[in-house]
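**Q** Mind looking over this structure? Questions follow.
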Amino acid sequence: MNLKNYLKLEILREIKNIYLYLALGLSLVSGAGIIYSIHNLNGPFNDTHVSGLYASISVIAMSLFSVKVMCIDFHYNVSQLILTTKINRIKFLFTKFLVSLLIGLAFSLGCIILLKVNSVLNNFKFNLIDCINVICHYLLFMAFYSLLVLVLIFLTKNIATLYVIIFILNMIIPGILQKITTLSKVPDFIKTIVKESPFLTLPENLPDLSLSSNNVVVIVISIIILFLISYIILPKKDL
C-alpha cells in the first residue's frame, strides 16, 4: 500500500464531502450572529461568546466526523484488504490520524476567521498567539476523539451505536462529570482525576479556548496511549 496515494485518497474523500462544508457553514453562521449582535446591537458579548457559539456546532460536527473517518473502512469491510501487513497497519493508522487532524484544522481555521473578523469589527484583541491557541485546541480535540473512536469500534462493532456513544460523551458526560466534582462525598483524589479527564476538559474548555497546561499534558498523554492501544488492537490478518 502506497502511503502517499492512500493519504491523498482519504483527503480527497473528505474534501468532496458536502457535509463538511455544511457543518463549517453552520458553525460560521452561528458565530457570526454574535459578531453581528456586538457590532450592530451593542450586545453584551465578547470573543469567548463568539468562539463558544461556533463550538456549539463544530464540536458535534467534529465528533461525528471522527466516527466517519475512522470507521468507514471497517463499515464496508475494506479494512480486510488494507490491514494485511505490519507496515500497512502503521500506514493505515497514521493516515486516518492525519486526516482527522486535517478536519480539526479546517474547523480551527473557521474559528480563527470568526475571531479575526470580530477583532476588526468590534476591536477585540486577536493575535498570532491566539491563532496558535485555537489550532491547538481543535487539533487536540480531534486527535483524542478520533483515536477513542478507533478503540471503541472494536468493542461495539456497530457504527450507529458508536455515533450515539460519541454524542453522549460530548453532550451528556461532561455535565455528569462536572456534577461529580461538586459532590462532598466524593474523595478529593477522584475529583482531581475527573477535573483533569479529557472527557471533561475538552468539551468544557474548547468553546472558550481555555485549556490549561496541565490539561494539555494529560490530553497529549491520553492521545499517545490511545494511539498505542489502537495499533495493538487493529485486526492482524497478515498475508
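The backbone N, Cα and C atoms fix where each Cβ goes, and this holds for glycine too.
A TrEMBL annotation is a machine prediction, not a hand-curated record.
Pulled the feature table from TrEMBL, pasting it below:
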type	residues	note
TRANSMEM	20-39	transmembrane segment
TRANSMEM	51-72	transmembrane segment
TRANSMEM	93-115	transmembrane segment
TRANSMEM	135-155	transmembrane segment
TRANSMEM	162-180	transmembrane segment
TRANSMEM	216-234	transmembrane segment
**Q** Report yes or no: does the transmembrane segment (20-39) come within contact of the transmembrane segment (216-234), defined as 3 or more CB pairs under 8 Å with a sequence separation of 6 or more?
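**A** In this chain the transmembrane segment (20-39) does not contact the transmembrane segment (216-234) - fewer than 3 Cβ pairs sit under 8 Å.
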**Q** With pairs closer than 6 in sequence left out, are the transmembrane segment (135-155) and the transmembrane segment (162-180) joined by 3 or more CB pairs under 8 Å?
**A** yes
